[in-house]
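Here is the structure we will look at.
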Amino acid sequence: MQRLQICVYIYLFVLIVAGPVDLSENSEQKENVEKEGLCNACMWRQNTKSSRIEAIKIQILSKLRLETAPNISRDAVRQLLPRAPPLRELIDQYDVQRDDSSDGSLEDDDYHATTETVIAMPAETDLLMQVEGKPKCCFFKFSSKIQYNKVVKAQLWIYLRPVKTPTTVFVQILRLIKPMKDGTRYTGIRSLKLDMNPGTGIWQSIDVKTVLQNWLKQPESNLGIEIKALDENGHDLAVTFPGPGEDGLNPFLEVKVTDTPKRSRRDFGLDCDEHSTESRCCRYPLTVDFEAFGWDWIIAPKRYKANYCSGECEFVFLQKYPHTHLVHQANPRGSAGPCCTPTKMSPINMLYFNGKEQIIYGKIPAMVVDRCGCS
């Protein structure tokens, strides 16, 4: 009996010394720890997102081989942007990005952008010859994107002013050459006859692929072209030097070059949203807004979904390189842990002005994070 009393006294003494146990306080502490962990995760993701946006700006300039962003204002874009069918079609039916989960990442050219279409505007140059005392339109400069790729199509687009009565228009495209002994200064490229009805003006395209290929082989022969579009009364309807109200009606070249993307294998990863509590490596949504940067030189897309990777990479979750796990087990202090990085990326299509005020349409590789993993 005495032994039982002694045990009871000891138990009461322990309760008095330890004090009352507040279960609600422990619960609050646990909740605070969890909230603090979530806040830290949110801050980490926000920092990762900001770093990703800055990296994207640097990558775009680098992949387009631009030292700085072209200094083109919105007003200049409106003036320079042709109001022509091929360009309107690109903008209206613009495919911002391809996100086909059944395909692997595109790895064409590994780094630099691959051009599909180039819109070349007339350039100002001293090389343009004077014919009959007047400068003749037009002279075109060609970037390396055209020079070092196979040209599959080249169309010269010209705008014909509207007519008041039905008429037949005779269109002539002449290539300027060095003066011959007989005084000849040009040679014919293409001629055609059009019937025009009263109303609005029209855009007309002319195949100049052969001429362009010759210019690329012999750049010194590129002295420019002359455009004529005479109606039955001898009036020239071709817009070569746009006047008031004719912004965007300049002649231009639409050049298409080859593009042969390669395919690679696919892998898998986690997808999360900004409210996710997932701690593991995961892909999060991120929209890049070019207008917010003041990058008016990018015609389309004005924004795109880039996404980013964030999260922990414990060795038990290692997805891509199992040998790293073995290295860590053999030397846990001497091996760096895996990082949450993109394991699959895809390109975006972009329509933009380069530094020479040429409009270029092409792919920029590895700009969209499709999947994330630990490596």
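Glycine residues also receive a Cβ, built from the backbone N, Cα and C atoms like all the rest.
Bear in mind that the values here come from a model prediction, so they are computed numbers and not experimental data.
For CYS272-CYS282 (among others), the entry in Swiss-Prot reads disulfide bond. Within the same chain, the residues at least 6 positions away from CYS282 (disulfide bond) whose Cβ sits under 8 Å from its Cβ are GLY269, LEU270, ASP271, CYS272, SER276, CYS309, SER310, GLY311, CYS340, CYS372, listed in sequence order.
DSSP classifies CYS281 (disulfide bond) as coil under the three-state reduction. Sequence annotations record features per position, and here Swiss-Prot assigns disulfide bond to CYS281-CYS340 (among others).
Secondary structure from DSSP puts CYS309 (disulfide bond) in a beta strand. According to Swiss-Prot, the feature disulfide bond maps to CYS309-CYS372 (among others).
Feature annotation from Swiss-Prot assigns disulfide bond to CYS313-CYS374 (among others); the stated evidence is similarity to another entry.
Annotation source Swiss-Prot lists N-linked glycosylation site at ASN71, citing sequence analysis. All protein chains shown were included, and the count of other CB atoms within 10 Å of the CB of ASN71 (N-linked glycosylation site) stands at 9.
For 1-18, the entry in Swiss-Prot reads signal peptide.
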Cβ atoms near CYS272 (disulfide bond) (within 10 Å, other residues, all chains):
19
Compute the C-alpha separation of CYS374 (disulfide bond) from CYS281 (disulfide bond), stating it in Å without decimals.
7
Taking only the Cα atoms, work out how far CYS313 (disulfide bond) lies from ASN71 (N-linked glycosylation site), in Å, as a whole number.
42
At a 10 A cut-off on CB-CB distances, which of the disulfide-bonded residues CYS313, CYS340, CYS372 has the highest count?
CYS372
